[in-house]
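Undergrad: Under the heading ITP binding site, Swiss-Prot lists 13-18, K57, 73-74, K90, 149-152, K172, 177-178, citing sequence analysis as support. Annotation source Swiss-Prot lists Mg(2+) binding site at E45, citing sequence analysis.
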Amino acid sequence: MAQKAPMTVTFVTGNQNKLKEVRAILGEEHADKFTLEARKVDLPELQGEPEDIAKEKVMLAARQIDGPTLVEDTSLCYNALQGLPGPYVKWFLDKLGHEGLNKMLAGYDDKSAYAQCVFAYVDGPNGEPKVFVGTTDGKIVPARGPTDFGWDPVFQPDGFEETYAEMDKAVKNGISHRYRALDKFREFILAEAAGR
């Protein structure tokens, strides 16, 4: 009996750093079961709760891809600001920079925050989206480390003395909000691939 070709999942991103990190977290050991290919798809910027945004984004993308589709929505949530900037952190970072993200908490004693990653997957344009959420608690600190990957320099996860940006990639990829969400996705997609 011939072995089935691996299931191909299209990850919607134009961010090469994110793609590299997602591939590193998912690993190559399951390449015979599923493969991840990246595709940049223009999607509208949606507003709402992170899980709702991810579900809507994956359905919009699946209509263009017409096959198994994966999207990600990441949030950085300040507890003192009741979760802001949340899913809008990209826009806050673009306008304020790392220093501005830090200064948002200048008037607050509470510097605690959490990083949240929401992946949404659907098997095609008529499917029902599935959501996988990962969260890492930490705090907002003055920017430290390389500044080439989003807000990583200002987020220091609980239990560590380094920001995400300062961490060895293997350490970050084993504790991050993205890892926690992808770990759930990996378990799901392996079961899906086995059932084909």
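Backbone N, Cα and C atoms are what each Cβ position is placed from, and that goes for glycine too.
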Undergrad: Cα-Cα, whole number of Å: Q16 (ITP binding site) versus E45 (Mg(2+) binding site)?
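TA: With the alpha carbons as reference points, the distance is 19 Å.
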Undergrad: Measuring Cα to Cα, tell me the gap between K90 (ITP binding site) and E45 (Mg(2+) binding site) in whole angstrom.
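TA: With the alpha carbons as reference points, the distance is 11 Å.
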Undergrad: For the binding-site residues listed here, T13, Q16, which shows the highest count of neighbouring CB atoms within 10 A?
TA: T13
Undergrad: Where the distance is taken from Cα to Cα, which of the binding-site residues T13, K57, W151 turns out closest to E45 (Mg(2+) binding site)?
TA: K57
Undergrad: When you measure from the Cβ of W151 (ITP binding site), which residues in the chain that are at least 6 apart have a Cβ under 8 Å away?
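TA: Listed in sequence order, they are L76, V89, L93, H98, L101.
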Undergrad: Once near-sequence residues are set aside, which residues in the chain of K57 (ITP binding site), 6 or more away, have Cβ atoms under 8 Å from its Cβ?
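TA: Spatial neighbours, sequence-distant, of K57 (ITP binding site): V12, L43, L46, V71, D73, A120.
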Undergrad: Between the binding-site residues K90, H177, where is the Cβ count within 10 Å the lowest?
TA: K90
Undergrad: Please report the three-state DSSP label of T13 (ITP binding site).
TA: coil
Undergrad: In three-state terms from DSSP, label W151 (ITP binding site) for me.
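TA: It is coil.
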